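Peer 1: Here you go, one structure.
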Amino acid sequence: MKLRGLYAITDSQLLSGKFLSYVEAALDGGVTLLQYRDKNSDESRRLREATELLKLCERYKTRLIINDDAELAARLGVGVHLGQSDGSLPDARALLGHKAIVGATCHGRVELAEQAKADGATYVAFGRFFNSLTKPGAPAVPLDLIAQVRARVHLPIAVIGGITLENAPQLVEHGADLLAVVHGLFGAENTQEVTRRAKAFTALL
């Protein structure tokens, strides 16, 4: 599957009070994948928000991905992103079917990406590459890892961790396919700035 572009990831705290307006502003600027990431245990709220996001994604022809919840993804007929401790990738693939997007966190280890590919992943994700507000304690990953992954694992590569418009070009130059961005996109002061940033990230790819 050809996946390339901006991979927008929601943050419930960052987007409190402006959730849908900021997401729509990003979609208006151009988003390849939108990941709904919410660690809250309120299942009814998560279903409601994910359903609202799916409606927006369908309008803007963007693919929705659910973080860490294959059952919710199956219920909505969308993709899922799994961390290393978020359940079985083969089980998620079996549940969602062969056409669904299933992404895998690989931190900074190429062998995890090789295993993810064998297990049926659609794309592999690496990071953090820069200082991250979302995961400040995550170990840093060197830029040259992207080329190593490209040589050994022939899947789209998502990169994450402190990505801004200033440092994103380095990642693209090293071979990244998907720029996974949270604060660098949604940390804007208004919806117009979110759209501007989304367009600028998309233009890099």
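The backbone N, Cα and C atoms fix where each Cβ goes, and this holds for glycine too.
What you see is a predicted model, and the numbers here were worked out from it, not measured in a lab.
Below are the features I grabbed from Swiss-Prot:
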type	residues	note
BINDING	Gln35, Tyr36, Arg37, Asp38, Lys39, Asn67, Thr105, Lys135	4-amino-2-methyl-5-(diphosphooxymethyl)pyrimidine binding site
BINDING	Asp68, Asp86	Mg(2+) binding site
Peer 1: Among all protein chains shown, how many Cβ atoms are found within 10 Å of the Cβ of Gln35 (4-amino-2-methyl-5-(diphosphooxymethyl)pyrimidine binding site), not counting that one?
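Peer 2: Taking every protein chain into account, the count is 25.
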Peer 1: How many Å lie between the Cα of Asp68 (Mg(2+) binding site) and the Cα of Arg37 (4-amino-2-methyl-5-(diphosphooxymethyl)pyrimidine binding site)?
Peer 2: 8
Peer 1: Which secondary structure state does DSSP assign to Thr105 (4-amino-2-methyl-5-(diphosphooxymethyl)pyrimidine binding site), in the simple three-class scheme?
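Peer 2: Going by the DSSP assignment, Thr105 (4-amino-2-methyl-5-(diphosphooxymethyl)pyrimidine binding site) falls within a strand, counted as strand.
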Peer 1: Using all protein chains shown, find which of the binding-site residues Arg37, Lys39, Lys135 scores highest when you count other CB atoms within 10 A of its CB.
Peer 2: Arg37
Peer 1: List nothing but the largest Cα to Cα distance in Å, as a whole number, among the residues Gln35, Tyr36, Arg37, Asp38, Lys39, Asn67, Thr105, Lys135 that the record says bind 4-amino-2-methyl-5-(diphosphooxymethyl)pyrimidine.
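Peer 2: Taking every pair among Gln35, Tyr36, Arg37, Asp38, Lys39, Asn67, Thr105, Lys135, the longest Cα gap is 16 Å.
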Peer 1: Least buried of the binding-site residues Asp38, Asp68, Asp86, going by other Cβ atoms within 10 Å?
Peer 2: Asp86
Peer 1: Give me the count of other Cβ atoms within 10 A of the Cβ belonging to Tyr36 (4-amino-2-methyl-5-(diphosphooxymethyl)pyrimidine binding site).
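Peer 2: Counting Cβ neighbours of Tyr36 (4-amino-2-methyl-5-(diphosphooxymethyl)pyrimidine binding site) within 10 Å gives 26.
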Peer 1: Would you count the other C-beta atoms found within 10 angstroms of the C-beta of Asn67 (4-amino-2-methyl-5-(diphosphooxymethyl)pyrimidine binding site) for me?
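Peer 2: Other Cβ atoms within 10 Å of Asn67 (4-amino-2-methyl-5-(diphosphooxymethyl)pyrimidine binding site): 20.
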Peer 1: Give the number of CB atoms, excluding that of Thr105 (4-amino-2-methyl-5-(diphosphooxymethyl)pyrimidine binding site) itself, located within 10 Å of its CB.
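Peer 2: For Thr105 (4-amino-2-methyl-5-(diphosphooxymethyl)pyrimidine binding site), the 10 Å Cβ neighbour count is 21.
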